[in-house]
Amino acid sequence: MASQPKTATDSDTIVPGQKLHDEIHRQTSFGEATADILQTDLEKEKTIQGTAHFHRLGWKRLTVVLIVQAIALGSLSLPGAFATLGMVPGVLACVVIGLIAMYASYMVGLVKLKYPHIDHYVDAGRLLMGGFGDKLFAVVFVGLLVLATGSHCLTGTIALVKITGSSVCTLVFGVVSAIILLILAIPPSFTEIAILGYIDFISIILAIGITVIATGIQRSDSPGGFSSSTWSAWPQDDLGFTQALTAVSNIVFSYAFAAAQFSFMSEMHTPADFTKSIITLGLTEIILYTITGSVIYAFVGQEVQSPALLSASPLVSKVAFGVALPVIYISGSINATVACRFIHGRLYRNSITRFINTRKGWISWLAVVTLVILVSWIISEAIPFFSELLAICASLFISGFSFWIPPIMWFFLLREGKWYDKHNIKRAVCNFIVFVIGFFVFIAGTYASIDQIGPIPSLTKPEPNPIDDMPRGRRGCWTCRIRHRRCDESVPNCNECSTRQIVCHGYDADAPVWMSDDDLLQRELRRIKAAVKENFRRVKTIQNRQLAQKDRENSIQAKFRVEKDEEAARAPEATSSATNIIFREAQHLVHYLDYIFPIQYAFYVDAPDQGGRGWLLFLLERNAPLRNAALTLSAFHQHNLSPYHLESQENELLQYHTKALQELRHVVGHQDLGAFADRSEEWLKFLAGGMFLISFEVFRGGTNNWHAHFNALVSVIRNLTSSDFDFGPCSLSDPDYELKRGMNTAQKFVLANLVWIDILAPLATGTVPQLPYHDWLNTGKIDMSRVMGCQNSIMIAIGDLMALEARASSMSTESLQAGIFSLDKRVLNAVNTVHNSQPESSQTIRSVTRLFANAALVHLYTLASEYGIACPDPHQAVLRVIEVLDQLPSHVSLRATPWPLCVAGSMALHPNEEYFDKLLSKLMDRSEAGFTNCGTVYTIMKHAWKKRRECPGKLWTARQSMQDMGISALLI
C-alpha cells in the first residue's frame with residue numbers, strides 16, 4: 001500500500017531557524033521509531049494520550065508555573081539584602097540582575113527551540129559535554145532540586161512552629177510538611193500545577209502586603225514616626241566583602257528560575273511563545289522584588305530580619321506565616337515534581353510507563369515521588385548543617401543554571417558562523433558580559449557562603465528545648481540581628497556571641513532600648529565591633545603560641561628521626577665498613593668538583609680574587625641536600641662511564657638520590673618561610689640542592705621529573721622579598737667578611753642558574769617566565785655571562801620572547817607585530833654590540849652570546865611566520881646559526897648549548913639537516929654522551945624533520961615537535 005503524505009501536526013511544526021538535530025537526537029529518534037514498530041494497539045493509544053496530556057501548556061500557564069518556581073518566601077529576604085547594601089545599590093542590583101536573568105532565560109528558550117528533544121537541563125549538558133556532561137548535570141540537577149525541596153520542608157516546619165507558638169512537636173511538624181509536599185507533588189503534569197500556581201501567587205502577594213502594611217504601621221506608631229527609621233541610601237562604612245557578596249547572592253538566587261525552564265517548556269504546545277512568559281515573569285519579579293525590598297527596608301531600617309515576616313509584631317508574623325503556607329508548600333512541590341519527572345523519564349525512557357497513564361506508570365510515579373520527598377525530608381532534618389550545605393550548593397550551581405551557562409550555550413549551540421561576524425558581534429558581547437557577571441557570582445558567592453559558615457553544630461542532638469529546637473538563622477539574638485550573622489539560638493547565650501566573647505542580648509520579644517535610638521545603636525555596634533576585634537587578636541595570639549609549640553615539638557621529633565635514619569643509612573653493611581662509605585663519599589665529592597662541575601657549568605668564569613669556589617665546598621660540607629645531590633651526580637657519571645654497570649653502583653646511586661629528596665622535603669617541612677628570609681644560608685641550601693637535582697634529571701635526558709623540583713624552588717623565591725637578596729659588596733671591616741663575600745657569590749650563582757632555567761624552560765612548557773629576571777639582570781646584580789656564557793642583554797630578550805609567545809594567541813595582530821619588531825631590533829643591536837665588544841669580554845662569552853642571539857632570531861621569525869607577520873625568513877636565520885657554529889673556538893663545549901642547537905636544528909631544511917645531523921651524531925659518539933641531554937635534542941630535531949616531510953604545511957618548531965612527542969624537555 002502506497003504511503004500517504006504526512007500532514008503537518010503541532011509536533012511536526014518546524015521552528016524558524018531550526019537545524020537538523022545532532023547525533024544524540026537522531027539516535028533517540030531511531031530508538032523511538034523502533035519502539036513504535038513493536039508497540040501494540042493499546043500501547044499506541046496510551047502513547048498518543050500521554051503525548052497529548054503532556055503538551056497542553058500555553059504561555060500564560062507557563063508564566064504561572066515559572067512564578068511558582070521562582071517567587072517564593074525567599075523574596076522576603078530581600079529587605080535584609082537592602083539593609084546590607086543600602087537602598088540605592090539594592091534597587092540597582094534588583095533591576096540589573098533581573099534584566100540579566102531575563103536575557104539568560106531567553107537564551108535557554110532559544111536552545112529549546114533549536115533542539116526540541118531537550119526535555120531537561122541535563123540534556124543540554126549532554127549536548128555541551130557529551131556523556132560526562134550528562135552525568136555531571138544529572139547529579140547537580142537532581143541534587144539541587146532535592147535540596148530545594150528539603151529547604152521548603154524545613155521552612156514549612158518553621159512556619160508551623162511560629163504559627164502554633166510551640167516547638168515541642170517540631171518532628172511532627174516536619175512530617176506534616178513532608179506529607180503536604182508529597183500530596184502536592186503527585187500531579188505529574190505542570191498544567192495541573194499551574195492551577196495551584198494561582199493560589200501560590202495570591203499567597204505570596206498577600207504575605208508581602210501584610211508585612212508591608214504591618215511594618216509601616218509599626219514605624220508610624222513608633223517615637224519619631226517614619227523619620228526614626230534607620231534605613232540608609234548607601235552601605236554602612238564597616239560593610240565587609242563577604243557580607244556584600246552574601247547580599248548580592250540573595251538577590252541573584254531570587255531570580256534563579258532557568259534551571260527548570262527546559263522541563264516546563266517541554267510541555268508547551270507552542271514553545272515559540274516562551275518569550276511572552278519570560279518577559280512577563282521578569283518584569284513581575286523586578287517590580288515585586290524592588291518594591292518589597294525597598295519599602296520594607298525603609299519602614300523597618302537596619303534591624304530588618306530575614307525573612308521580613310519576622311520584623312512585624314508576633315501576632316502579625318503568625319498571620320503572615322499562615323497566609324504564606326501555600327507558597328511554601330506549592331513552590332516546594334514543584335521542585336520535587338521537576339526532579340521526579342526527570343528521574344521517572346530516565347527510568348522509563350523507551351516505555352509507555354513514562355506517560356504515567358497506566359497502572360505501572362502511576363505506581364512507579366508514586367514510588368519516585370515518595371522517594372524524592374523522603375530523601376528531601378531526611379536531609380533537611382538529619383543534617384545539622386543543612387542551611388550551610390544549601391547555601392554552598394546554591395552558590396555553586398544556581399548561578400550556573402540561570403546565569404553563566406546560558407551564554408556558553410549561545411557560543412556552542414546557537415551561534416551561526418564566527419562570533420565576531422557582523423551579525424553576531426552584539427550578541428557575543430552581551431553573552432560574554434552575562435557570563436562574566438554570572439561566573440563572578442559563582443566564584444564570589446561560593447566564597448561568601450563558605451566564609452559565612454561558623455562551627456558546624458554537633459551531630460548529636462540534645463534533649464528537646466523550646467528554643468534550642470528552633471532552626472538557626474530564623475530568629476536570632478539581638479546581637480546577631482544587628483551584626484547580620486547566623487545565630488544558632490543556644491541558651492542562655494548563642495554560640496556566635498560566646499565564641500567571640502561579646503555580650504549576647506538574648507531573644508526577648510521586646511527590643512533593647514538602644515534599638516530605638518540611632519545614636520545608641522551605632523554606639524553599641526562600635527562597642528561590639530571593638531570586642532570582636534579584640535577577641536580575634538587574643539585568639540590569634542593563642543593559636544600562634546600553640547602552633548609554635550607544636551612546630552617545636554615536631555621539629556625535635558623530626559630531627560631525632562632524621563638523625564636516626566642517617567645513622568641507619570650510614571651503618572656499615574656486612575661487606576662494607578663505615579670507613580669505606582666515608583671514603584666513597586669523599587671520592588665522589590672530589591670527582592664532582594674535578595669532572596662534573598665543569599660539565600654542568602662549561603662557561604663558568606672563576607674569580608680567585610673573590611674567594612674562588614670556596615663557597616661551593618663550604619655548602620657541600622654543611623648542606624645535606626646539596627651534598628647528596630652532588631653525590632648523586634657523581635655516582636651517575638661514574639655509573640655511565642663504567643663498562644660493567646654493577647648492581648652495587650645502581651644501589652649506591654639510588655641511595656644518594658633518595659636521601660637528597662628526603663632531606664629537601666625535610667628542609668621544607670621543618671623550616672618555615674620566616675627562617676628562610678632571616679638566613680640567606682638556609683634558602684641557599686634548599687635552592688642549591690634542588691638545582692642539583694634538576695641537573696641530575698637533565699643529564700638523564702631532561703624530558704620529565706624536573707618540573708616539580710623547579711616549581712618548588714620558584715615557590716620559595718616568590719616568598720622572599722628583594723631585601724632578602726644581598727647583592728651589594730661586603731665591608732672589609734666586617735669580621736665575617738670572607739663568609740659574607742662567599743655567600744654573596746653563592747647567592748648570585750644559584751639565582752643565575754634559576755633565571756637560566758626560568759628563561760629557557762618555556763620553549764617546552766609554553767609558559768611565561770616566573771622570576772623577576774628584568775630586575776636582576778638589567779641592573780647587573782647577576783652576570784649571566786660569568787656563569788652560563790651568555791650576556792644579560794640576550795637572556796633578557798629571550799625571556800621577553802618566551803613571554804611574548806605565551807601571550808601571542810590573546811594579543812591583537814598590531815600588538816604582536818610591534819612586540820616582534822621591537823625584539824628583532826633589540827637582538828640585532830645586542831649582536832652588533834657583542835661583535836664590537838670591549839676586550840675584557842672573552843672570546844668564549846662573545847661566541848656563546850652570538851649563538852644564543854641568532855637562535856633567538858630563528859625562534860622570533862618562526863613566531864612571526866606562524867601568525868602571518870612579515871619578517872625575515874627563519875630558515876635564513878638558521879644559516880647564520882650555522883655560521884656562528886663554524887666559527888666557535890675549539891674549546892667551546894656544544895654540550896652546554898642544547899637550547900640554540902634544538903631551536904635552530906629543528907627549523908633546518910635540507911641540506912642543513914645534514915649539518916645538524918652530523919654535528920649531533922659527533923656529539924653522541926663521545927664516551928660521555930649518556931651524561932648529557934644531547935640525545936634529547938637529537939631526537940627532537942629528527943622528529944621535527946620527519947613531521948615536516950609528512951606535513952609540509954606546518955613549520956614544526958622545537959616546541960611543536962616536543963608537543964607531538966608528548967615530552968617537555970629542559971634544554972640547559
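Any Cβ shown, glycine's included, is placed from N, Cα and C.
Record features, source TrEMBL:
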DOMAIN    476-504  domain 'Zn(2)-C6 fungal-type'
TRANSMEM  62-82  transmembrane segment
TRANSMEM  88-111  transmembrane segment
TRANSMEM  136-159  transmembrane segment
TRANSMEM  165-186  transmembrane segment
TRANSMEM  198-219  transmembrane segment
TRANSMEM  239-258  transmembrane segment
TRANSMEM  278-300  transmembrane segment
TRANSMEM  320-343  transmembrane segment
TRANSMEM  363-383  transmembrane segment
TRANSMEM  389-413  transmembrane segment
TRANSMEM  425-448  transmembrane segment
Sequence-distant contacts of the transmembrane segment (425-448), meaning Cβ under 8 Å and at least 6 residues beyond its ends, amount to 100, 103-104, 107, 241-243, 245-246, 248-249, 252, 392, 394-396, 399-400, 402-408, 410-411, 415, 419
Report the listed stretch (88-111, 198-219, 239-258, 363-383, 389-413) having the maximum count of Cβ pairs within less than 8 Å of the transmembrane segment (62-82). 239-258
Quickly jot the same-chain residues contacting the transmembrane segment (389-413) by Cβ under 8 Å, restricted to those at least six beyond its ends, or write none. 100-101, 104-105, 107-108, 110-111, 114-115, 121, 124, 127-128, 140-141, 143-144, 147-148, 150-151, 249, 252-253, 255-259, 383, 419, 427-428, 431-432, 434-435, 437-439, 441-442, 445-446, 448-450, 452-453
Sequence-distant contacts of the transmembrane segment (136-159), meaning Cβ under 8 Å and at least 6 residues beyond its ends, amount to 72-73, 120-122, 124-126, 129, 170, 173-174, 176-178, 180-181, 259-260, 321-322, 324-325, 328-329, 331-333, 335-336, 338-339, 342-343, 346, 372-373, 375-377, 379-381, 386, 389-390, 393-394, 397-398, 401, 470-471, 474
If you count every Cβ pair below 8 Å, which range out of 88-111, 320-343, 363-383 shares the most with the transmembrane segment (239-258)? 88-111
Interface check, the transmembrane segment (88-111) with the transmembrane segment (278-300), three or more C-beta pairs under 8 A: yes
Per-region confidence, the domain 'Zn(2)-C6 fungal-type' (476-504) (mean pLDDT, whole number): 74
